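*Asks:* A single structure is presented below for examination.
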Amino acid sequence: YYINYKLMKKKVKRYTEQIEVGTQNHHFVLKDFSRLLDYQIEKIVLFLLEKQGLLATRLSNLGEQHHALIQQSDGSRISELQEAYRAVGQELLRLLFFVEMNAIGIRKILKKFDKRFGCKFTDYYVKTRANHPYSQLRQVFKHVGFGAVVGAISHNLADLQDLQNNQGNYISIYDQPAFSHPDPVIDSIKSAVDRLSNSTNFLHFLGRHAFIMEEELPTPSEDECFEQRYHFMSLLLNLANTFLYMVNTYIIVPTADDYSLSLGAAATVCGVVIGSMAVAQLFSSVYFSAWSNRSYLRPLVFSSIVLLVGNTLYALAYDLNSISVLLIGRLFCGLGSARAINRRYISDCVPLKLRMQASAAFVSASALGMACGPALACLLQTKFKIYKLTFNEETLPGWLMALAWLVYLLWLWISFREPHFETKENLVPNEANAGQLANVTVENGYTQPLLMKIEAKQQDEDEDQERDDAEEDSQEIHKPVTSIVVACRLLTPSVKVQLFVYFMLKYAMEIVLAESSVITGYYFIWPISKVAIFLACLGLTVLPVNVIVGKYMTNIFEERQVLLASEIMVCIGILLSFHMFNPYSVPQYVGSALITFVSAEVLEGVNLSLLSRCMSSRLSRGTYNGGLLSTEAGTLARVVADGTITLSGYLGESKLLNSTLLPALLICVSSIIATCCNYNSLY
């Protein structure tokens, strides 16, 4: 009842030969392969349902015996009944391994088909089958029905344990989920389900928003490796680094224009002040990504020291009356950007069962930092001197962040645990090791019979097929790319479009945020505190928007539909922001900024979710990974946006708004056109 992987591979090979000689066309091949795969999945699912039915019958019979035992108060048969429930658990565990092997087989054959024919058949097949109301594919990948069986075994074992301990009070695990008696069988089942199951849609959405790319399912040996590398406090320190860096980025936005004026520069130089951090980040992302191949602690320590120095220089620039020192300080802050390290740590050191939660925490920490930065600036409205050092609303953000990074550095040095680094040769590819899952001993030396089938199949393969398998397995090792040029060659047209969309949304967001203090000061004469509150409110919309999109919108609409609609809304927000009529009102500015920013946030989540699925698996690890490429695209957008603000300042503050919005509008329209042209390839 396993998927006939050997037959499917021969079919793919035959399709290739038929297309080469012209006896068949692509339409027939897609239709015939879909029919064959549907049959294989149907065979798996019907067998699975039959076995689940048998388990349900056994549980029903045991339930009657359990009820009779309670009525008769016969404690002598409790142990016998417990063992019977555990035996059902062992059968369920074997069934889970059966599902896992078939899931890997389906993934492999779909990848092989895509590779041979150079198409996105996997996207089409999964989309059409998984979302259908009568989906059989969902039975394999979502493990429908297993939860009820696990629940029946768990609560009956807990009840029997209470009877054995002569506890008179009946406490249900359903009333108090935390109340349960540990049992090796239940623990084994939970471990198996954790390897296969995904978290909620919202966590998935946030995880992809963090652009921490998922790889194939890990084998038990890899799970053990992840457990050894994982350290909760180290993960917490990475999340704290993410939070502090985002605070550091946005805490100076409300006061950057006033600081520039205090040092004798134009208010629009705030674009350079804000953007200099992004310029440095273009380079720091690369060397931190490369450094993380060898260590996590050392680059994080280096990052903290550089940020400590950068913020100190930023604060000292006021008393030194030097715009150069101010810019150097911000450049240092950009050189300390360790977001590449934070992403890599979650991807490489957090077990699969916790990775999505960690990814969601990464996005949440970023969003919270983005909101807290301007909010803290609002609280720093004071002025005093200590010796020759001035502490005011312009320098206090620098001093506060310098102190924060000093405390973080001490915490890092005391608490961080460097994970063990393995050479690439010692890393076992996930699917190449799939047969090892069949060797897992379930009970008393019981071994999955699939191992014999796999060995028999391997012996039957001819030499050409073995070479083909070797080639495929070498591809599946996900050997990291060694240069940015190779990474760019791996980008498909749809991925390039998604990176351009990401560039556009980051450009639009940076325009809204970076010029807010200048625009609101010129048109509405807002004080710093009011600008800070406005920016903090924008930052606070991030998580609620992701909740709505992750839990609701992506369940109703296709992600590409949400993507295109969000791009159009960003375009509408930009159009509404133009100063066309006098007077330019607060409701118009706030409303249009809110539409632009929120739409861009929706767009960012969906865009990175699509990117995480479309990018080559070779970009999931290594220095030049998918996260680095997206970070570089977003950082470049911020640099260009901040440069646009500064250059537009030469036209005068009265023309600043329209002259910065015009390029944003052109880029947005271009991204909409590119998305429409590649709409069918976006899955």
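Glycine is treated like the rest: Cβ placed from N, Cα and C.
TrEMBL lists 1-127 with the feature domain 'SPX'. Marked as transmembrane segment by TrEMBL: 235-253, 265-288, 300-317, 323-341, 362-384, 396-414, 499-525, 531-550, 562-581, 661-682.
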*Asks:* Give the nonlocal contacts of the transmembrane segment (531-550) in its own chain as ranges (CB under 8 Å, at least six residues past its ends).
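*Replies:* Distant Cβ neighbours of the transmembrane segment (531-550) are 201-206, 209, 250, 253-254, 363-364, 367-368, 370-375, 377-378, 512-513, 516-517, 520-521, 562, 590, 593-594, 597-598, 601-602, 605-606.
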*Asks:* With Cβ-Cβ distances below 8 Å as the criterion, list the same-chain residues six or more beyond the ends of the transmembrane segment (499-525) that contact it, or say none.
*Replies:* 250, 253-258, 267-268, 270-271, 274-275, 491, 531, 534-535, 538, 563, 567, 570, 573-574, 584, 586, 589, 593, 596-597, 600-601, 603-604, 607-608, 611, 629-630, 633-638, 640-642, 644-645, 653-654, 656-657, 660-661, 663-664, 667-668, 670-671, 674-675
*Asks:* For the transmembrane segment (265-288) and the transmembrane segment (396-414), check the count of CB pairs under 8 Å (sequence separation 6 or more) and say whether it reaches 3 or more.
*Replies:* no
*Asks:* Run through the domain 'SPX' (1-127) and tell me, per DSSP, how many residues are helix, strand and coil.
*Replies:* 114 helix, 0 strand, 13 coil
*Asks:* Can you see whether the transmembrane segment (235-253) and the transmembrane segment (396-414) are touching - at least 3 CB pairs under 8 angstroms, only pairs 6 or more apart in sequence?
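*Replies:* The answer is yes, given that the two segments have at least 3 Cβ pairs within the 8 Å cut-off.
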*Asks:* For the transmembrane segment (396-414), name the stretch out of 300-317, 362-384, 661-682 with the most CB-CB pairs under 8 Å.
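*Replies:* Top-ranked stretch among 300-317, 362-384, 661-682: 300-317.
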*Asks:* Taking residues 6+ outside the transmembrane segment (300-317), which of them lie with a CB under 8 Å of any CB in it?
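*Replies:* Same-chain residues near the transmembrane segment (300-317) but 6 or more away: 237-238, 241, 244-245, 248, 252, 259, 263, 288, 323, 325-326, 328-338, 341, 389, 395-399, 401-402, 405-406, 408-409, 412-413, 416.
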